[in-house]
Amino acid sequence: MAAEKPTTTSGSVAPLTAASTSNSSLARDNAANPDPIASPSHPKEDWRAWMQVLGAFCLNLNTWGMMNSYGAFQTYYQLELLRNHSSSDIAWIGSTQAFLMFVVSLAAGALFDAGFTPWLLWGGGVLVVAGMLLVSATSLYWQVFLTQAVMMGLGFGFLYLVAPAVVSQYFGPRTALAMGASSAGSAIGGVVFPIAFSRLVAQVGFGWTCRILGFILLVTSVIPALIMRSQEPPSRNRKLLDTAAFRDLPYLLLNAGLTFGFMGLYIVFYYIELFALDRANVSASLANYLLVIINVSSLPGRIIPGYYADKVGSINVQTTVAFFSAILTFCLYAIHSTAGLVVFSIIYGFFSGAFMGLPAAGIVSLSDDKSKIGIRIGMTLGTVGFGVLISNPIAGAIVGHDNNWIGLISWCGALLFASSICLVASRVSKVGWGLTRAI
């Protein structure tokens with residue numbers, strides 16, 4: 001009687017022979033993971049994976065894209081709607097928004113790992129859209145603060161972390177490239193939103209401008225809510241913190257580097273338009289486009305370095321980017337012309353896009369337990385949030401009523417230089433001084 005062929009199902013394990021080990025192992029993986037994406041440890045990177053990139057693209061457009069556009073709001077508030085308030089007061093709106101996005105991500109990381117991804121996507125989308133629509137009815141500082149800073153900031157916090165956490169589950173060797181592609185949404189948002197704001201506010205007024213932006217956010221919030229799904233099973237460990245991370249020196253140093261980096265980078269996003277109007281006598285029409293130029297240039301900055309980060313290491317690339325960003329910022333001391341500001345904006349946009357697009361890939365590369373990626377990304381964003389919260393109001397206080405741009409440039413450049421030092425220390429503590437290790 002012929003021997004019965006071994007089968008592999010979810011309820012049994014077929015005997016293995018030396019000749020059939022590879023095929024049987026694959027069969028067991030397929031049985032345990034019936035979804036075509038299959039094992040999280042061996043992602044296929046097929047069309048479903050790229051659908052997650054599309055969803056993450058929309059999330060980054062709604063969160064980073066809107067947050068990177070706050071400079072347009074800052075200028076309008078300071079010159080029009082909230083002109084009776086100081087630059088530092090107005091900066092608290094954008095800083096609190098960013099702070100809440102980062103800090104709420106700490107709780108969102110635990111919720112993500114616990115399997116509440118749909119709740120995060122729908123809940124965050126509602127807060128962001130409703131917040132922007134309510135901004136349209138504001139006229140007082142506290143009203144703008146509650147709607148744009150608090151409400152939208154909370155929504156950003158629910159949404160942002162889902163993007164890198166989901167994408168990291170669907171990609172293996174090309175994780176940094178996929179994250180760079182998805183983070184391009186922030187560059188697109190940073191182009192679309194400032195242009196739309198400056199054009200619409202002159203034609204239909206502030207109220208309808210915010211309503212139109214709210215409708216755009218509505219569409220781009222529904223897409224990820226419908227297509228994004230976590231591939232990891234819900235974790236039983238629902239802690240907000242991974243205590244092992246506090247003993248992980250490379251991870252701690254990476255956090256310090258990212259915190260200093262984001263503190264420095266966002267200063268330019270908030271103050272480039274005011275700097276251009278006051279220091280370089282740039283026309284108002286061109287000043288409105290400097291933020292757009294930065295965001296346009298950040299698009300290749302998010303994709304090209306992501307490609308090389310997969311080859312030489314995301315932390316290696318991010319360290320280089322932070323160092324040259326510091327050097328570039330100090331060049332503002334000597335820039336007094338329109339041409340110089342345009343060139344600065346192009347180069348700065350590329351470097352800022354690279355820096356902002358790589359943190360999640362760096363965290364993934366330092367995390368041995370992939371089931372805790374959500375928690376670790378949340379912890380990092382929470383740390384970064386406290387830095388961003390105070391950085392721009394400090395910058396506003398430095399500028400003051402006397403427009404102390406020299407002090408502002410020094411503060412920004414010092415933060416970026418400190419970032420590069422911490423990132424170097426993170427790399428050295430992980431793999432040593434050699435330059436041949438990708439990390």
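Every residue, even glycine, has its Cβ placed from backbone N, Cα and C.
Here TrEMBL flags 1-12 as compositional bias 'Polar residues'.
Feature annotation from TrEMBL assigns compositional bias 'Low complexity' to 14-27.
Residues belonging to the domain 'Major facilitator superfamily (MFS) profile' (48-439) score a mean pLDDT of 88 in the model. What TrEMBL lists as domain 'Major facilitator superfamily (MFS) profile' is 48-439.
Taken from TrEMBL, the feature region 'Disordered' covers 1-40.
Look at TrEMBL and you will find 49-70 (among others) tagged as transmembrane segment.
Sequence-distant contacts of the transmembrane segment (90-112), counting only residues of its own chain at least 6 positions beyond either end whose CB sits under 8 Å from a CB of the stretch, comprise 63, 67, 70, 73-74, 77-78, 82, 119-120, 144-145, 148-150, 152-154, 156-158, 160-162, 165, 230, 238-240, 266, 270, 374-379, 381-386, 388-393, 395-396. If you look up TrEMBL, you'll see 90-112 (among others) marked as transmembrane segment.
For 119-142 (among others), the entry in TrEMBL reads transmembrane segment. A Cβ distance under 8 Å defines the sequence-distant neighbours of the transmembrane segment (119-142), meaning residues of its chain 6+ beyond its ends; these are 62-63, 66, 81-82, 85, 89, 108, 111-112, 148, 151-152, 154-159, 161-162, 206-211, 213-214, 217-218, 221-222, 224-225, 228.
The annotation transmembrane segment is assigned in TrEMBL to 148-167 (among others).
Outside the transmembrane segment (179-200), and at least 6 residues removed from its termini, the chain residues within Cβ reach (under 8 Å) are 53-54, 56-66, 68-69, 71-73, 76, 163-164, 167-168, 171, 208-209, 212-213, 216, 288-289, 291-292, 294-296, 298-299, 301-307, 309, 353, 356-358, 360-361. According to TrEMBL, the feature transmembrane segment maps to 179-200 (among others).
Among the features that TrEMBL reports, transmembrane segment is placed at 206-228 (among others).
Marked as transmembrane segment by TrEMBL: 249-272 (among others). Sequence-distant contacts of the transmembrane segment (249-272) (same chain, at least 6 residues past either end, Cβ-Cβ under 8 Å): 68, 70-71, 74, 91, 94, 98, 290-291, 294, 315, 318-319, 322, 325-326, 329, 341, 345, 348, 352, 355-356, 359, 362-363, 366-367, 376, 379-380, 383-384, 386-388, 390-392, 395, 399, 408, 411-416, 418-423, 425-427, 429-430.
The transmembrane segment annotation in TrEMBL covers 284-303 (among others).
According to TrEMBL, the feature transmembrane segment maps to 315-335 (among others).
Taken from TrEMBL, the feature transmembrane segment covers 341-366 (among others). Among residues of the same chain six or more beyond the transmembrane segment (341-366), those with a C-beta under 8 A of the stretch's C-beta atoms are 64, 164-165, 167-168, 175-176, 179-180, 183-184, 186-187, 248, 250-251, 254, 258, 261-262, 265, 268-269, 272, 276, 280, 282, 290, 293-306, 309, 313-315, 317-318, 321-322, 324-325, 328-329, 331-332, 335, 373, 376-377, 380, 426, 430, 439.
Per TrEMBL, transmembrane segment is recorded for 378-399 (among others).
Per TrEMBL, the feature transmembrane segment maps to 405-425 (among others). Long-range contacts of the transmembrane segment (405-425) within the same chain, counting only residues at least 6 positions beyond its ends with a Cβ under 8 Å from a Cβ of the stretch, are 253-254, 256-261, 263-265, 267-268, 271, 275, 278-279, 315, 318-319, 322-323, 325-326, 329-330, 332-333, 391, 394-395, 398-399.
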Q. Apart from its near flanks, which chain residues at least 6 from the ends of the transmembrane segment (378-399) lie with a Cβ under 8 angstroms of it?
A. 86-92, 94-96, 98-103, 105-110, 112, 160-161, 240-242, 245, 254-255, 258-260, 262-264, 266-267, 270-271, 274, 359, 363, 405, 407-408, 411-412, 415
Q) Taking residues 6+ outside the transmembrane segment (284-303), which of them lie with a CB under 8 Å of any CB in it? A) 65, 68-69, 71-72, 75, 177, 180-181, 183-184, 186-191, 194-195, 198, 268-269, 272-273, 276-277, 338, 341-342, 345-354, 356-357
